Each structure stands twice: as structure tokens, then as C-alpha cells.
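K.L.:
Pulled these features from Swiss-Prot for this protein:
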type	residues	note
COMPBIAS	201-212	compositional bias 'Polar residues'
DISULFID	Cys36-Cys41	disulfide bond
DOMAIN	20-65	domain 'Gla'
MOD_RES	Glu22	4-carboxyglutamate
MOD_RES	Glu25	4-carboxyglutamate
MOD_RES	Glu26	4-carboxyglutamate
MOD_RES	Glu33	4-carboxyglutamate
MOD_RES	Glu35	4-carboxyglutamate
MOD_RES	Glu38	4-carboxyglutamate
MOD_RES	Glu39	4-carboxyglutamate
MOD_RES	Glu44	4-carboxyglutamate
MOD_RES	Glu48	4-carboxyglutamate
MOD_RES	Glu51	4-carboxyglutamate
MOD_RES	Glu54	4-carboxyglutamate
MOD_RES	Glu58	4-carboxyglutamate
REGION	140-165	region 'Disordered'
REGION	184-231	region 'Disordered'
TOPO_DOM	20-78	topological domain 'Extracellular'
TOPO_DOM	102-231	topological domain 'Cytoplasmic'
TRANSMEM	79-101	transmembrane segment
Amino acid sequence: MAVFLEAKNAHAVLKRFPRANEFLEELRQGTIERECMEEICSYEEVKEVFENKEKTMEFWKGYPNAVYSVRDPSQSSDAMYVVVPLLGVVLLIVIALFIIWRCQLQKATRHHPSYAQNRYLASRAGHNLPRVMVYRGTVHSQGESSGHREAGNNPQIVMGPSRGGRTTVRLESTLYLPELSLSRLSSATPPPSYEEVTAPQEGSSEEASVSYSDPPPKYEEIVAASPSADK
């Protein structure tokens, strides 16, 4: 059964469908010569494209030789249509990963300060710590009561910041004014000098009469001296 169609209807039926690389064909329109060199073409496909027997035979005579011949160097530019988009996508991915890494690093450094900042904060906190001094003495003040005078012999703790005033605190948690601690320190006797410490001290008459160079007393002398002491 023969079917005859007009030219317009025949072109509609025998239309050419796009290949898998339709996107690249939109960038660079292909020809039958390049397509047949990239793929294996049949005689019917070439005939449908040229729609002319003379042109079809002319192409078909040279086609077997073109399959095994070296391709034109200009056709190597077709690979650029594949390589350039892939490189662009890879570059965008690398830039996005770098931006994400920088954001994460800034968040980490914001929550955890650096080692230098930690040392600065630690040294600054160490300077603000209070100083504690424990001493014994008696508080002398006109406005102090008798109960305070009796408790003056107890150990005292002086606390105060390194840069501010000092306060005096008793072990029984009794607070005194800073002036009392200052008066205590001003009225305290100075320590003895080296000459006073090394000078020979005068003892009692009994200690002076004893000579350590004499021999010890005998047993008879001790026994004779004990009855007289009992009497």
C-alpha cells in the first residue's frame, strides 16, 4: 500500500528529532557532516536530510573515507562547550564552600575567645582579687567600747582590693572601720634592731650566779642539801 503526501506534510512526518545533547545543539547548530562523523549514519538518514539524490550520492561517496580520516582540529572546540560550563559550576561550588567555612569560623571565634584574650582576662581578674593579711594586736581608739578593747587581742583579718581601701574584719565577723586598722598599724611598736637582738641580755641573780663551766654537784652534796630544804 503506497502512501503519497504533500511536501509540507512529508516534512512534518519526516522531521528530525533532537539528540541527547540538545542543550549544546542550541549553542552551536550541527550539520549532517559533523553528526555523521560523530555517529554512524545510514543511507536513509542522509537521504532524508538532503532530499536530493545527487547531493546524497556525493556525500555518501566521501563518507566512508571521512569515518576513518583524522578529524579537523577546528572540531576540538566542541569540547569547550562542555568543559567551560563544568568549570563554572565547580568554581561556584568552591566559592560557596569557602563562604560557609568563613561564616562558621567567625561564629566559633565569637563564642570562644582566643588564647591571648583569655590571658588578658585572667590577668585582669587577678589584679582585682582582694589581699588578705592576718595579724595580732590591740585596737586603740577613743570611740571604741570596752567590749571591743577586750576583743582586740583576737586575731584580725585585713581584707581589701589591690587598688582600693582596706577593711578590718575580726574572726567573729565583727567589722571595723579602715581608720582603726590604720591606727593599729601606726601605733604598733617597731621590731628590734639587729644590735638589740644580738646584745647579751641581763638575767636574774640566780642565773648570773650559776657558772656553766663548774662541774656538776656530787651525790653527797645533793643528799645533804635535800634535808635542809625539807626543814
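From the backbone N, Cα and C atoms, a Cβ is placed for every residue, glycine too.
Each of the listed features needs to be described in terms of its position in the shown structure.
P.N.:
Taking the Cβ of Cys41 (disulfide bond) as reference, residues of its chain lying under 8 Å away and at least six apart in sequence are, in sequence order, Ile32, Glu35, Tyr63.
Cβ contacts within 10 Å of Glu35 (4-carboxyglutamate), excluding its own Cβ and spanning all protein chains shown: 16.
Summarising the environment of Glu39 (4-carboxyglutamate), the number of other Cβ atoms within 10 Å of its Cβ, over all protein chains shown, is 9.
DSSP classifies Glu44 (4-carboxyglutamate) as helix under the three-state reduction.
According to its DSSP assignment, Glu51 (4-carboxyglutamate) is coil. Residues near Glu51 (4-carboxyglutamate) in space but far in sequence (CB under 8 A, at least 6 apart, same chain): none are found.
Of all Cβ atoms in the shown protein chains, 12 besides its own fall within 10 Å of the Cβ of Glu58 (4-carboxyglutamate).
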K.L.:
Averaged across the topological domain 'Extracellular' (20-78), what pLDDT does the model get? Just tell me the whole number, please.
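P.N.:
Here the mean pLDDT over the topological domain 'Extracellular' (20-78) amounts to 66.
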